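Participant: So that we are looking at the same thing, I have put the structure below in structure tokens.
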Amino acid sequence: MGIKHLYQVIAENAPDAIKAGDIKNHFGRKVAIDASMSIYSFLIAVRSEGQQLMSDTGETTSHLMGMFYRTLRMVDNGIKPLYVFDGAPPKLKSGELAKRSARKHEATEAHEEAKETGTAEDVEKFSRRTVRVTREHNAECKKLLKLMGIPYIDAPTEAEAQCAVLARAGKVYAAASEDMDTLCFEAPILLRHLTFSEQRKEPIQEIHLNRALEGLGMDRNQFIDLCILLGCDYLEPIPKVGPNTALKLIRDHGTLEKVVESIEKDPKQKYVIPESWPYQDARELFLNPDVRDANDPECDFKWEAPDIEGLVDFLVKDKGFNEDRVRNGAARLQKNLKTAQQSRLEGFFKPVAKTDAEKATLKRKHDEKIQEQKKRKKEEAKAKKEAKARPRAAV
């Protein structure tokens, strides 16, 4: 699910944080990709009649079709992908996962009913809601990646958090996922739509965390608190708190502790905090996720030549893919993985670390900006109060 409305909040308040461009702009870059999110997107790319792509034996092949051709598209454009798979979910996420499972069960029943009585749109809508990524899907995709010569690693828990670690360490240029919570895990750059099909003609969104924080006038802790208020995978949102309200609450109070205190003291009880709402635990999962250090041997990876005959055996003989297309794709992989070895010019220059004085100046400017925002809001509130207090002119 990610963070509800976060893209909208950043687009409206920190537009400089978002760049949209063509996939070829990322030539020569290494990118860590959230594998589970990608596989899910491949599985919901169903045909209009709501059916998954199937082999002759009735096995689902949508995930393999998507993984093979979308990865091929990236490599064709000079990108070197690394896939990161989810490990066990954090305990705090189990409640949300249970709710999702219940929703999928309801959707399955609704899907069956729609097939009998509903429209084509109903069938497709409920079909998408029944989709879930299984261990078998993951295992088959890992087998495919190995045969393609594309590296993958397993994260201890959340794949997005591990992608963020690799991006911060400079082992990859960016983390790629549709989940906006990748930014909460401190990924410096998030790429979205990278694994979308070419037919969708969606530009690649490149979101820079530092620019988002600057535009929002927040530090990382406040940004995480904002994301929890917006609604994340770990907690249900506070009813009636939408994106504008969430942003105002954090700007007015600074921390979730003070937001909660303000809500609980409000005599009007405009908002009601859910009975069990362990926001501090959710914050801790974003600040200190269970991840491997970027220098851990488990995080070593390299790109290798594809096993062409192995791909033919697996995709053509086992899964019923077209042999000419598979061989053609494997040949492109072999050729373009070598081309992707070429370095971008920016790779020759390492960013210079900021001095303590520069960091202090940035912090001072940030604090001044926050104070200025608070002062302006107080003045606006005072002006409104005075306007209300003025006697109305006689008609």
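Using the three backbone atoms N, Cα and C, a Cβ is placed for every residue, glycine included.
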Participant: Using only what Swiss-Prot says about Mg(2+) 1 binding by ASP86, GLU158, GLU160, identify which of ASP34, ASP76 is listed for that site too.
Facilitator: ASP34
Participant: Among ASP219, ASP225, ASP233, which residue does Swiss-Prot name as a further Mg(2+) 2 binder in the site formed by ASP179, ASP181?
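Facilitator: So, going by the record in Swiss-Prot, that would be ASP233.
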Participant: Using Swiss-Prot as the reference, determine which range in 269-277, 278-286, 305-313, 341-349 is annotated region 'Interaction with PCNA'.
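Facilitator: Comparing 269-277, 278-286, 305-313, 341-349 with Swiss-Prot, region 'Interaction with PCNA' matches 341-349.
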Participant: Please report the three-state DSSP label of ASP34 (Mg(2+) 1 binding site).
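Facilitator: Reduced to three states, the DSSP call for ASP34 (Mg(2+) 1 binding site) is strand.
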Participant: Taking the mean position of the Cβ atoms of ASP34, ASP86, GLU158, GLU160 as the Mg(2+) 1 site, which residues outside that list, in the same chain, have a Cβ no more than 8 Å away, listed in sequence order?
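Facilitator: In sequence order, the nearby non-listed residues are SER36, MET37, VAL84, ALA155, THR157, ALA159, ALA161, GLN162, CYS163, SER177, ASP179, THR182.
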Participant: Cα-Cα, whole number of Å: ASP181 (Mg(2+) 2 binding site) versus ASP34 (Mg(2+) 1 binding site)?
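Facilitator: Each residue's Cα considered, ASP181 (Mg(2+) 2 binding site) and ASP34 (Mg(2+) 1 binding site) end up 12 Å apart.
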Participant: So among ASP34, GLU158, GLU160, ASP179, all listed as binding-site residues, which is physically nearest to GLY231 (DNA binding site)? Use the C-alpha atoms.
Facilitator: ASP179
Participant: Counting every protein chain present, what is the number of Cβ atoms, excluding its own, within 10 Å of the Cβ of GLY231 (DNA binding site)?
Facilitator: 21
Participant: Which of GLU160, ASP179, ASP233 has the fewest nearby Cβ atoms, counting only those within 10 Å, among these binding-site residues?
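Facilitator: Counting other Cβ atoms within 10 Å of each of the binding-site residues GLU160, ASP179, ASP233 gives the minimum at ASP233.
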Participant: Considering only the binding-site residues ARG70, ASP86, GLU160, which fall within 10 Å of ASP179 (Mg(2+) 2 binding site) when distances are taken between Cα atoms?
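Facilitator: So the list reads GLU160.
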